[in-house]
Amino acid sequence: LTGVLDDCLCDIESIDDFNTFKIFPKIQKLQERDYFRYYKVNLKRPCPFWADDGHCSIKDCHVEPCPESKIPVGIKAGSSNKYSKVANHSKELEDCEQANKLGAVNSTLSNQSKEAFIDWARYDDSQDHFCELDDERSPDAQYVDLLLNPERYTGYKGPSAWRVWNSIYEENCFKPRSVYRPLNPLAPSRGGDDGESFYTWLEGLCLEKRVFYKLISGLHASINLHLCANYLLEETWGKPRWGPNVKEFTHRFDPVETKGEGPRRLKNLYFLYLIELRALSKVAPYFERAVVDLYTGNGHEDAESKALLLDIFRDTKSFHMHFDEKSMFAGDKKGAKSLKEEFRLHFKNISRIMDCVGCDKCRLWGKLQTQGLGTALKILFSEKEIQSLPENSPSKGFQLTRQEIVALVNAFGRLSTSIKELQNFKVLLQQTR
(Lines of atoms letter the chains of each structure in order from A and count residues from 1; the text may use other names and numbers.)
(Lines give C-alpha, C1' and ligand atoms only; values in the text may rest on other atoms or scores of the structure.)
Protein backbone atom coordinates (compact mmCIF):
# COMPACT_ATOMS: atom_id res chain seq x y z
CA LEU A 1 0.00 0.00 0.00
CA THR A 2 1.21 3.47 -0.89
CA GLY A 3 -0.17 6.90 -1.58
CA VAL A 4 -2.74 9.28 -0.12
CA LEU A 5 -5.83 8.04 1.72
CA ASP A 6 -9.30 9.10 0.59
CA ASP A 7 -11.16 11.74 2.63
CA CYS A 8 -7.96 13.06 4.26
CA LEU A 9 -4.63 14.56 3.27
CA CYS A 10 -2.40 11.88 4.73
CA ASP A 11 -0.20 9.34 2.99
CA ILE A 12 0.34 5.76 4.12
CA GLU A 13 4.13 5.97 4.27
CA SER A 14 3.98 8.83 6.82
CA ILE A 15 1.67 6.79 9.07
CA ASP A 16 3.96 3.73 8.81
CA ASP A 17 7.02 5.72 9.88
CA PHE A 18 5.22 7.62 12.63
CA ASN A 19 3.70 4.43 14.06
CA THR A 20 6.88 2.33 13.86
CA PHE A 21 9.29 4.82 15.37
CA LYS A 22 7.15 6.88 17.76
CA ILE A 23 3.85 5.31 18.75
CA PHE A 24 4.23 1.52 18.71
CA PRO A 25 7.08 1.11 21.27
CA LYS A 26 5.42 3.48 23.77
CA ILE A 27 1.87 2.20 23.46
CA GLN A 28 3.17 -1.35 23.99
CA LYS A 29 4.78 -0.28 27.28
CA LEU A 30 1.65 1.57 28.38
CA GLN A 31 -0.56 -1.47 27.79
CA GLU A 32 1.62 -3.49 30.19
CA ARG A 33 0.87 -1.13 33.08
CA ASP A 34 -1.58 -2.37 35.72
CA TYR A 35 -3.99 0.50 35.08
CA PHE A 36 -4.41 -0.52 31.44
CA ARG A 37 -4.10 -4.30 31.57
CA TYR A 38 -7.21 -5.05 33.65
CA TYR A 39 -10.52 -4.63 31.82
CA LYS A 40 -13.88 -5.32 33.41
CA VAL A 41 -16.29 -7.03 31.05
CA ASN A 42 -19.56 -8.94 31.13
CA LEU A 43 -19.23 -11.91 28.77
CA LYS A 44 -22.61 -13.34 29.77
CA ARG A 45 -24.95 -10.65 28.49
CA PRO A 46 -27.56 -12.24 26.21
CA CYS A 47 -27.69 -11.37 22.51
CA PRO A 48 -30.47 -8.77 22.14
CA PHE A 49 -31.18 -9.44 18.46
CA TRP A 50 -31.63 -13.16 17.90
CA ALA A 51 -31.96 -16.40 19.84
CA ASP A 52 -28.62 -17.50 21.24
CA ASP A 53 -27.25 -20.32 19.10
CA GLY A 54 -24.98 -21.50 21.90
CA HIS A 55 -21.40 -20.49 22.64
CA CYS A 56 -18.78 -22.18 20.58
CA SER A 57 -17.19 -25.16 22.30
CA ILE A 58 -13.73 -24.63 20.81
CA LYS A 59 -11.20 -24.78 23.65
CA ASP A 60 -9.48 -21.59 22.45
CA CYS A 61 -12.72 -19.67 23.06
CA HIS A 62 -13.18 -20.94 26.60
CA VAL A 63 -13.30 -18.72 29.68
CA GLU A 64 -12.09 -19.85 33.09
CA PRO A 65 -13.71 -17.38 35.52
CA CYS A 66 -11.85 -16.17 38.60
CA PRO A 67 -13.55 -17.29 41.86
CA GLU A 68 -15.23 -14.37 43.66
CA SER A 69 -13.34 -15.17 46.89
CA LYS A 70 -9.98 -14.63 45.17
CA ILE A 71 -10.71 -11.12 43.85
CA PRO A 72 -9.11 -8.41 46.05
CA VAL A 73 -11.37 -6.12 48.07
CA GLY A 74 -10.03 -3.08 46.24
CA ILE A 75 -11.16 -4.44 42.88
CA LYS A 76 -14.61 -5.30 44.22
CA ALA A 77 -15.04 -1.76 45.59
CA GLY A 78 -16.19 -0.75 42.12
CA SER A 79 -17.61 2.73 41.65
CA SER A 80 -18.78 3.33 45.22
CA ASN A 81 -16.17 6.05 45.84
CA LYS A 82 -16.25 8.25 42.79
CA TYR A 83 -12.94 10.10 42.99
CA SER A 84 -11.55 8.76 46.24
CA LYS A 85 -7.88 7.88 46.46
CA VAL A 86 -8.19 6.34 49.91
CA ALA A 87 -6.69 2.87 49.76
CA ASN A 88 -8.45 -0.09 51.25
CA HIS A 89 -5.47 -1.86 52.80
CA SER A 90 -5.96 -5.43 51.75
CA LYS A 91 -3.60 -8.33 52.05
CA GLU A 92 -1.36 -9.15 49.12
CA LEU A 93 -3.35 -10.05 46.04
CA GLU A 94 -3.72 -13.77 45.72
CA ASP A 95 -3.32 -15.61 42.46
CA CYS A 96 -6.37 -17.27 41.00
CA GLU A 97 -5.91 -20.70 39.57
CA GLN A 98 -4.36 -20.56 36.12
CA ALA A 99 -6.73 -21.41 33.29
CA ASN A 100 -5.66 -24.89 32.25
CA LYS A 101 -7.06 -24.86 28.77
CA LEU A 102 -5.27 -23.40 25.76
CA GLY A 103 -6.43 -19.92 24.91
CA ALA A 104 -8.91 -19.65 27.78
CA VAL A 105 -9.73 -16.11 28.82
CA ASN A 106 -7.54 -16.02 31.89
CA SER A 107 -9.29 -14.06 34.60
CA THR A 108 -6.47 -14.29 37.14
CA LEU A 109 -5.11 -11.09 38.65
CA SER A 110 -1.40 -10.50 39.16
CA ASN A 111 0.05 -10.71 42.67
CA GLN A 112 2.81 -8.21 41.87
CA SER A 113 0.71 -5.29 42.97
CA LYS A 114 0.75 -5.20 46.77
CA GLU A 115 -1.65 -2.28 47.04
CA ALA A 116 -5.32 -2.82 46.30
CA PHE A 117 -6.59 -1.41 43.03
CA ILE A 118 -8.95 1.13 44.52
CA ASP A 119 -11.80 2.97 42.95
CA TRP A 120 -10.98 2.51 39.28
CA ALA A 121 -14.45 3.30 38.13
CA ARG A 122 -14.94 6.98 37.40
CA TYR A 123 -18.40 8.45 37.43
CA ASP A 124 -19.70 9.69 34.09
CA ASP A 125 -22.49 12.28 33.88
CA SER A 126 -22.38 12.43 30.11
CA GLN A 127 -25.18 10.90 28.07
CA ASP A 128 -23.19 11.28 24.87
CA HIS A 129 -22.19 7.63 24.72
CA PHE A 130 -21.52 5.94 21.41
CA CYS A 131 -21.47 2.51 23.08
CA GLU A 132 -23.72 0.33 25.14
CA LEU A 133 -21.68 0.10 28.34
CA ASP A 134 -21.53 -2.99 30.51
CA ASP A 135 -22.94 -2.56 34.00
CA GLU A 136 -19.81 -2.92 36.13
CA ARG A 137 -21.95 -3.72 39.19
CA SER A 138 -23.48 -6.76 37.51
CA PRO A 139 -22.51 -10.03 39.21
CA ASP A 140 -21.60 -11.31 35.73
CA ALA A 141 -19.00 -8.57 35.13
CA GLN A 142 -15.43 -9.70 35.80
CA TYR A 143 -11.93 -8.34 35.51
CA VAL A 144 -9.78 -9.85 32.79
CA ASP A 145 -6.02 -9.50 32.47
CA LEU A 146 -5.57 -8.53 28.82
CA LEU A 147 -1.89 -9.53 28.80
CA LEU A 148 -2.79 -13.11 29.70
CA ASN A 149 -5.52 -13.21 27.04
CA PRO A 150 -3.97 -12.02 23.76
CA GLU A 151 -6.24 -11.59 20.76
CA ARG A 152 -5.51 -14.40 18.29
CA TYR A 153 -7.05 -16.97 15.99
CA THR A 154 -9.45 -19.21 17.92
CA GLY A 155 -11.10 -21.15 15.08
CA TYR A 156 -14.41 -19.29 15.63
CA LYS A 157 -16.10 -19.05 12.22
CA GLY A 158 -19.10 -20.32 10.31
CA PRO A 159 -22.77 -19.20 10.48
CA SER A 160 -22.54 -17.62 13.95
CA ALA A 161 -19.55 -15.39 13.11
CA TRP A 162 -21.04 -14.66 9.67
CA ARG A 163 -24.34 -13.47 11.18
CA VAL A 164 -22.57 -11.02 13.51
CA TRP A 165 -20.62 -9.28 10.72
CA ASN A 166 -23.59 -9.44 8.37
CA SER A 167 -25.77 -7.68 10.93
CA ILE A 168 -23.11 -5.03 11.50
CA TYR A 169 -22.71 -4.23 7.80
CA GLU A 170 -26.21 -4.77 6.45
CA GLU A 171 -28.27 -3.20 9.22
CA ASN A 172 -26.02 -0.44 10.54
CA CYS A 173 -24.01 1.05 7.68
CA PHE A 174 -26.61 3.36 6.08
CA LYS A 175 -27.22 1.15 3.03
CA PRO A 176 -30.20 2.01 0.79
CA ARG A 177 -32.35 -0.82 -0.59
CA SER A 178 -31.29 0.07 -4.13
CA VAL A 179 -27.80 -1.36 -3.52
CA TYR A 180 -27.98 -5.11 -3.99
CA ARG A 181 -24.37 -6.03 -3.26
CA PRO A 182 -23.90 -7.11 0.35
CA LEU A 183 -21.89 -4.58 2.34
CA ASN A 184 -20.15 -7.42 4.14
CA PRO A 185 -16.82 -7.73 2.29
CA LEU A 186 -16.79 -11.46 2.99
CA ALA A 187 -20.06 -11.97 1.13
CA PRO A 188 -19.98 -13.38 -2.41
CA SER A 189 -21.00 -10.80 -4.98
CA ARG A 190 -24.33 -11.30 -6.68
CA GLY A 191 -24.65 -11.65 -10.43
CA GLY A 192 -22.21 -9.67 -12.52
CA ASP A 193 -21.52 -7.02 -9.88
CA ASP A 194 -17.76 -6.66 -9.67
CA GLY A 195 -18.01 -4.31 -6.72
CA GLU A 196 -17.31 -1.11 -8.64
CA SER A 197 -20.96 -0.05 -8.63
CA PHE A 198 -20.90 -0.48 -4.86
CA TYR A 199 -17.92 1.85 -4.49
CA THR A 200 -19.46 4.34 -6.90
CA TRP A 201 -22.47 4.36 -4.56
CA LEU A 202 -20.21 4.68 -1.51
CA GLU A 203 -18.44 7.71 -2.98
CA GLY A 204 -21.85 9.27 -3.56
CA LEU A 205 -22.69 9.14 0.15
CA CYS A 206 -22.21 12.17 2.37
CA LEU A 207 -18.85 12.26 4.17
CA GLU A 208 -20.28 11.19 7.54
CA LYS A 209 -21.93 8.01 6.23
CA ARG A 210 -18.86 7.19 4.17
CA VAL A 211 -16.68 7.65 7.26
CA PHE A 212 -18.97 5.35 9.26
CA TYR A 213 -18.54 2.53 6.73
CA LYS A 214 -14.77 3.02 6.64
CA LEU A 215 -14.52 2.86 10.44
CA ILE A 216 -16.36 -0.48 10.55
CA SER A 217 -14.41 -1.86 7.58
CA GLY A 218 -11.13 -0.69 9.18
CA LEU A 219 -12.02 -2.38 12.47
CA HIS A 220 -12.87 -5.60 10.60
CA ALA A 221 -9.55 -5.45 8.72
CA SER A 222 -7.61 -4.86 11.95
CA ILE A 223 -9.25 -7.83 13.69
CA ASN A 224 -8.52 -10.03 10.65
CA LEU A 225 -4.89 -8.91 10.73
CA HIS A 226 -4.55 -9.88 14.39
CA LEU A 227 -5.89 -13.34 13.62
CA CYS A 228 -3.49 -13.80 10.68
CA ALA A 229 -0.51 -12.55 12.73
CA ASN A 230 -1.25 -14.70 15.79
CA TYR A 231 -2.36 -17.96 14.16
CA LEU A 232 -2.15 -21.48 15.59
CA LEU A 233 0.49 -22.87 13.23
CA GLU A 234 0.85 -26.28 14.87
CA GLU A 235 0.26 -28.11 18.12
CA THR A 236 2.62 -30.90 19.11
CA TRP A 237 2.43 -32.75 22.41
CA GLY A 238 -0.10 -30.23 23.61
CA LYS A 239 2.28 -27.33 23.05
CA PRO A 240 0.89 -24.75 20.62
CA ARG A 241 3.03 -22.62 18.33
CA TRP A 242 1.51 -19.30 17.35
CA GLY A 243 2.78 -17.02 14.60
CA PRO A 244 2.07 -15.25 11.30
CA ASN A 245 0.16 -17.21 8.65
CA VAL A 246 1.04 -15.81 5.22
CA LYS A 247 -1.50 -18.02 3.42
CA GLU A 248 -4.34 -16.77 5.64
CA PHE A 249 -3.19 -13.16 5.17
CA THR A 250 -3.14 -13.61 1.38
CA HIS A 251 -6.61 -15.16 1.46
CA ARG A 252 -8.04 -12.14 3.29
CA PHE A 253 -6.11 -9.26 1.69
CA ASP A 254 -4.46 -10.21 -1.62
CA PRO A 255 -5.84 -8.02 -4.48
CA VAL A 256 -6.30 -11.03 -6.79
CA GLU A 257 -7.90 -13.38 -4.24
CA THR A 258 -10.21 -10.65 -2.92
CA LYS A 259 -11.03 -9.14 -6.35
CA GLY A 260 -9.45 -5.83 -5.37
CA GLU A 261 -11.15 -5.67 -1.96
CA GLY A 262 -8.05 -6.38 0.16
CA PRO A 263 -6.19 -3.10 -0.41
CA ARG A 264 -9.42 -1.14 0.20
CA ARG A 265 -9.88 -2.91 3.53
CA LEU A 266 -6.31 -2.09 4.55
CA LYS A 267 -6.73 1.56 3.55
CA ASN A 268 -9.76 1.69 5.84
CA LEU A 269 -7.55 0.35 8.65
CA TYR A 270 -5.22 3.33 8.16
CA PHE A 271 -8.22 5.66 8.10
CA LEU A 272 -9.45 4.23 11.43
CA TYR A 273 -5.94 4.67 12.86
CA LEU A 274 -6.06 8.37 11.92
CA ILE A 275 -9.47 8.83 13.55
CA GLU A 276 -8.33 7.32 16.86
CA LEU A 277 -5.00 9.17 16.67
CA ARG A 278 -6.94 12.41 16.30
CA ALA A 279 -9.07 11.56 19.33
CA LEU A 280 -5.95 10.96 21.45
CA SER A 281 -4.54 14.36 20.51
CA LYS A 282 -7.88 16.03 21.31
CA VAL A 283 -8.35 14.42 24.73
CA ALA A 284 -4.87 15.34 25.99
CA PRO A 285 -6.08 18.39 28.01
CA TYR A 286 -8.37 16.10 30.02
CA PHE A 287 -5.40 14.05 31.25
CA GLU A 288 -2.94 16.93 31.56
CA ARG A 289 -4.86 18.23 34.60
CA ALA A 290 -3.36 17.42 38.00
CA VAL A 291 -6.77 16.22 39.24
CA VAL A 292 -6.70 13.21 36.90
CA ASP A 293 -4.73 10.25 38.18
CA LEU A 294 -4.27 6.83 36.61
CA TYR A 295 -4.87 5.45 40.07
CA THR A 296 -4.03 1.88 41.12
CA GLY A 297 -2.70 2.52 44.61
CA ASN A 298 0.96 2.25 43.62
CA GLY A 299 2.06 5.89 43.60
CA HIS A 300 5.37 5.37 41.78
CA GLU A 301 3.84 3.26 39.00
CA ASP A 302 0.86 5.61 38.67
CA ALA A 303 3.17 8.59 38.14
CA GLU A 304 5.18 6.68 35.53
CA SER A 305 2.01 5.59 33.72
CA LYS A 306 0.72 9.14 33.51
CA ALA A 307 4.10 10.46 32.32
CA LEU A 308 4.18 7.83 29.56
CA LEU A 309 0.60 8.61 28.52
CA LEU A 310 1.37 12.35 28.33
CA ASP A 311 4.48 11.54 26.29
CA ILE A 312 2.28 9.66 23.79
CA PHE A 313 -0.08 12.65 23.67
CA ARG A 314 2.87 14.90 22.76
CA ASP A 315 3.69 12.56 19.89
CA THR A 316 0.09 12.50 18.65
CA LYS A 317 0.02 16.31 18.65
CA SER A 318 3.27 16.42 16.66
CA PHE A 319 1.74 14.42 13.79
CA HIS A 320 1.15 16.95 11.03
CA MET A 321 -1.51 15.26 8.86
CA HIS A 322 -4.47 14.71 11.16
CA PHE A 323 -7.97 13.94 9.95
CA ASP A 324 -10.09 17.09 10.23
CA GLU A 325 -13.24 16.06 12.07
CA LYS A 326 -14.61 19.63 11.71
CA SER A 327 -15.55 18.68 8.15
CA MET A 328 -18.14 16.30 9.61
CA PHE A 329 -21.65 17.40 10.59
CA ALA A 330 -20.91 20.84 9.21
CA GLY A 331 -24.18 21.45 7.31
CA ASP A 332 -27.28 23.23 8.59
CA LYS A 333 -27.56 22.86 12.36
CA LYS A 334 -30.82 20.91 12.43
CA GLY A 335 -29.72 18.44 9.75
CA ALA A 336 -26.24 18.06 11.28
CA LYS A 337 -27.67 17.38 14.74
CA SER A 338 -30.06 14.77 13.35
CA LEU A 339 -27.28 13.05 11.37
CA LYS A 340 -24.95 13.03 14.38
CA GLU A 341 -27.65 11.36 16.50
CA GLU A 342 -28.26 8.79 13.76
CA PHE A 343 -24.50 8.15 13.57
CA ARG A 344 -24.34 7.68 17.36
CA LEU A 345 -27.30 5.29 17.50
CA HIS A 346 -25.98 3.17 14.63
CA PHE A 347 -22.66 2.78 16.41
CA LYS A 348 -24.35 2.07 19.73
CA ASN A 349 -26.28 -0.70 18.01
CA ILE A 350 -23.02 -2.24 16.77
CA SER A 351 -21.66 -2.25 20.33
CA ARG A 352 -24.78 -4.24 21.35
CA ILE A 353 -24.19 -6.75 18.54
CA MET A 354 -20.90 -7.66 20.23
CA ASP A 355 -22.98 -9.50 22.83
CA CYS A 356 -24.00 -11.90 20.05
CA VAL A 357 -20.43 -13.11 19.40
CA GLY A 358 -20.35 -16.80 20.32
CA CYS A 359 -16.63 -17.07 21.17
CA ASP A 360 -15.84 -15.49 24.54
CA LYS A 361 -12.31 -14.45 23.62
CA CYS A 362 -13.57 -12.88 20.37
CA ARG A 363 -16.37 -11.21 22.33
CA LEU A 364 -13.88 -9.79 24.85
CA TRP A 365 -11.74 -8.16 22.17
CA GLY A 366 -14.73 -7.17 20.05
CA LYS A 367 -16.32 -5.35 22.97
CA LEU A 368 -13.05 -3.68 23.96
CA GLN A 369 -12.27 -2.44 20.44
CA THR A 370 -15.79 -1.15 19.74
CA GLN A 371 -15.83 0.60 23.12
CA GLY A 372 -12.44 2.11 22.31
CA LEU A 373 -13.70 3.46 18.99
CA GLY A 374 -16.93 4.65 20.62
CA THR A 375 -14.85 6.54 23.19
CA ALA A 376 -12.78 8.10 20.38
CA LEU A 377 -15.97 9.31 18.69
CA LYS A 378 -17.29 10.68 21.98
CA ILE A 379 -14.03 12.66 22.34
CA LEU A 380 -14.13 14.05 18.80
CA PHE A 381 -17.67 15.34 19.33
CA SER A 382 -16.86 16.90 22.74
CA GLU A 383 -14.09 19.32 21.83
CA LYS A 384 -15.74 22.40 23.41
CA GLU A 385 -16.45 20.54 26.65
CA ILE A 386 -12.84 19.31 26.86
CA GLN A 387 -11.43 22.80 26.28
CA SER A 388 -13.56 24.26 29.08
CA LEU A 389 -12.60 21.69 31.74
CA PRO A 390 -11.77 23.08 35.20
CA GLU A 391 -8.12 22.56 36.11
CA ASN A 392 -8.45 21.52 39.74
CA SER A 393 -11.79 19.80 40.12
CA PRO A 394 -13.63 16.90 38.49
CA SER A 395 -15.74 18.20 35.62
CA LYS A 396 -19.48 17.82 35.31
CA GLY A 397 -19.45 18.22 31.55
CA PHE A 398 -16.99 15.80 29.97
CA GLN A 399 -16.00 12.63 31.80
CA LEU A 400 -14.26 9.39 30.96
CA THR A 401 -14.76 6.28 33.07
CA ARG A 402 -11.78 4.06 33.73
CA GLN A 403 -13.35 1.47 31.42
CA GLU A 404 -13.46 3.99 28.57
CA ILE A 405 -9.84 5.03 29.19
CA VAL A 406 -8.64 1.41 29.21
CA ALA A 407 -10.65 0.63 26.06
CA LEU A 408 -9.42 3.76 24.24
CA VAL A 409 -5.72 3.01 24.87
CA ASN A 410 -5.96 -0.72 24.16
CA ALA A 411 -8.06 -0.27 21.02
CA PHE A 412 -5.52 2.18 19.62
CA GLY A 413 -2.78 -0.22 20.71
CA ARG A 414 -4.46 -2.91 18.59
CA LEU A 415 -4.49 -0.60 15.54
CA SER A 416 -0.85 0.31 16.12
CA THR A 417 -0.04 -3.42 16.28
CA SER A 418 -2.02 -4.07 13.07
CA ILE A 419 0.01 -1.54 11.13
CA LYS A 420 3.24 -2.96 12.56
CA GLU A 421 2.14 -6.50 11.61
CA LEU A 422 1.38 -5.28 8.11
CA GLN A 423 5.06 -4.33 7.77
CA ASN A 424 6.02 -7.82 8.93
CA PHE A 425 3.76 -9.47 6.36
CA LYS A 426 5.29 -7.26 3.68
CA VAL A 427 8.73 -8.74 4.50
CA LEU A 428 7.37 -12.31 4.72
CA LEU A 429 5.64 -12.00 1.33
CA GLN A 430 8.86 -10.78 -0.28
CA GLN A 431 10.69 -13.77 1.17
CA THR A 432 8.17 -16.27 -0.22
CA ARG A 433 8.28 -14.92 -3.76
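The backbone N, Cα and C atoms fix where each Cβ goes, glycine too.
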Can you tell which of C356, C362 is bonded to C359 by a disulfide, based on TrEMBL?
-> C362
If you tally other C-beta atoms within 10 angstroms for each of the binding-site residues T154, S217, the top scorer is S217
Between R252 (FAD binding site) and C362 (disulfide bond): CA-CA distance (Å) | 18
Ranked by the number of other Cβ atoms within 10 Å of their own Cβ, which of the binding-site residues R152, R252 ranks first?
-> R252
Rounded to the nearest Å - Cα separation of R152 (FAD binding site) and C359 (active site, nucleophile) = 12
